[in-house]
Amino acid sequence: MPQILSSSPPDAQDADAFFDGVDLRRLAERLPTPFHAYSAHAIRQRIDGLQQALHGLDATLCYAVKANSTLAILHLMAEAGVGADIVSSGELWRSLHAGIPAERIVFSGVGKTEQEIAEALAAGILRFNVESADELHTLQRLASDLHIAARAAVRINPDVDAQTHAKISTGKAENKFGVSIAEARRWFAEAGRLTHVRLDGLHVHIGSQILSVEPFRLALQRVAAFWRELEANGHAIASIDVGGGLGVCYRAGQDHPVAPADYAAAIREALAGFRGRILLEPGRYLVAEAGVLLTRVIRIKQGERQNFLVLDAAMNDLLRPSLYDAWHDIVPLVDGQRERTRYDVVGPVCETGDTFARDRELPELRPGDLVMIRGTGAYGASMASTYNSRPLAAEVLLDQRRHAIVRHRQRFEDMVAGEQPARDWDMA
Ligand SMILES: Cc1ncc(COP(=O)(O)O)c(C=O)c1O
Ligand SMILES: N[C@@H](CCCC[NH3+])C(=O)O
């Protein structure tokens with residue numbers, strides 16, 4: 001371990017190579033690339049910053065596990081007193097296993113199965129964010145079978161444009177998420193018939209990577225107006241869950257899109273007078289900028305029209321550029337002055353979409369050079385696949401000049417574990 005520590009603080013030139021006090025170049029000498037590295041310190045700073053912005057409110061952070069569900073990160077959340085926003089039994093299992101108590105877990109998603117609902121009921125989670133009438137009735141039936149009182153919030157679809165990428169916008173009427181205020185109004189009017197569901201919460205989540213406070217403000221205002229109407233009609237609301245969606249900075253040097261203080265101010269303003277508990281479901285904001293993907297150059301390929309920088313990381317390790325044309329800073333960790341040139345930065349996977357960047361200006365690189373892709377802590381490892389039978393990359397947690405390999409690179413044996421050739425056919 002001491003080998004990877006810097007003997008002196010990083011100077012300005014190689015500062016990029018240091019992450020949480022660890023020299024990533026030294027780490028990469030000992031670990032095969034590609035691998036993900038996360039800064040525990042950076043995650044804790046984000047948690048603290050958001051909690052400080054919310055100071056004085058009865059607010060609970062429920063980390064959106066989907067952003068990065070690595071157990072070590074969930075464990076860090078548990079230690080910091082942060083709860084979880086889950087969308088599957090798998091995320092429930094991981095959260096509980098990492099030590100996040102059930103009473104800090106909320107369950108969102110349009111496709112909760114009966115089995116998942118029953119498991120979450122049995123675990124005693126804090127709330128179900130219910131997204132359809134069918135789900136509400138299923139929850140009532142299963143809670144009744146188990147003689148449990150379920151706590152539920154209606155996920156409101158406020159029909160607000162989050163002004164983000166269409167694939168991660170969730171709060172417009174045409175999106176599959178939540179129900180209209182008109183429908184939610186009917187649910188509350190009939191809530192007396194729900195013998196085993198306590199419907200006393202509101203939930204809203206309009207999308208991800210939201211870059212200005214305005215869409216949040218608009219959505220919160222609509223939800224707040226509905227909360228006031230409900231209370232005026234005698235329906236006590238115990239919690240309002242404002243979802244996640246805070247955008248992050250994917251380009252060095254750019255300002256942070258939404259300051260936590262402005263976000264918190266919008267919540268304070270919209271929910272002024274609300275005496276219940278405020279829940280928040282930040283995912284990306286807590287982990288995105290705390291993660292980098294380390295990869296090496298396999299080769300440079302001179303194409304007819306451009307040069308390709310072929311890395312050993314691919315779309316199976318980081319899908320965001322392929323899926324959303326997302327920008328991630330690409331920072332070579334190389335010594336000395338080099339000429340600058342332009343590359344299409346690609347991975348080895350057999351798809352043209354396996355491209356991290358087009359026509360990106362970088363120093364001239366050579367096979368074996370180390371390259372860092374920034375902003376990969378959220379929706380990086382958690383969206384990874386074994387496409388092209390590429391094993392899942394290792395993950396390393398760095399914490400104040402220390403590191404721990406929290407997940408080893410998947411072994412080929414484990415990639416095929418559980419599969420078998422169809423030898424023993426059964427008659428259907
Ligand atoms: C219900 C819900 N809550 C929270 C999040 C987390 O979003 P983000 O990572 O943008 O904070 C998501 C994902 O967009 C979500 O679907
Ligand atoms: N996977 C998306 C975010 C989706 C948010 C989940 N509701 C991304 O990488 O940006």
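Just so it is clear, glycine is given a Cβ too, placed from its N, Cα and C backbone atoms.
Heads up, TrEMBL stuff is auto-annotated, nobody curated it.
As annotated by TrEMBL, domain 'Orn/DAP/Arg decarboxylase 2 N-terminal' applies to 42-288.
In sequence order, Val87, Glu91, Gly283, Tyr379, Ser382 are the residues of the chain that are 6 or more apart from Lys66 (N6-(pyridoxal phosphate)lysine) and have a CB within less than 8 Å of its CB. Summarising the annotation, TrEMBL assigns N6-(pyridoxal phosphate)lysine to Lys66.
For Gly245, Glu281, Pro282, Gly283, Arg284, Tyr379, the entry in TrEMBL reads pyridoxal 5'-phosphate binding site. When secondary structure is read from DSSP and collapsed to three states, Tyr379 (pyridoxal 5'-phosphate binding site) falls in the coil class.
Annotated substrate binding site per TrEMBL: Arg284, Arg320, Tyr324, Glu351, Tyr379, in sequence order. According to its DSSP assignment, Tyr324 (substrate binding site) is helical. Applying an 8 A CB threshold to same-chain residues 6+ apart, the list for Tyr324 (substrate binding site) reads His165, Lys167, Ile168.
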* Nearest-integer angstrom distance between the alpha carbons (Cα) of Gly245 (pyridoxal 5'-phosphate binding site) and Glu351 (substrate binding site) -> 30
* Asked: Could you state the CA-to-CA distance between Pro282 (pyridoxal 5'-phosphate binding site) and Arg320 (substrate binding site) to the nearest Å?
  -> 18
* Local confidence of the prediction over the domain 'Orn/DAP/Arg decarboxylase 2 N-terminal' (42-288), expressed as mean pLDDT -> 97
* **Distance from Arg320 (substrate binding site) back to Arg284 (pyridoxal 5'-phosphate binding site), taken between C-alpha atoms, in Å** => 13
* Asked: Are any of the binding-site residues Glu281, Pro282, Gly283, Arg284, Arg320 near ligand 2, with a Cβ under 6 Å from it, and if so which?
  -> Arg320
* Among the binding-site residues Gly245, Arg320, Glu351, Tyr379, name every one whose Cβ is found under 6 angstroms from ligand 1, counting any of its atoms. => Gly245
* Structure fact -> Quick note, Glu351 (substrate binding site): same-chain residues at least 6 apart with CB under 8 Å of its CB -> Met315, Ser322
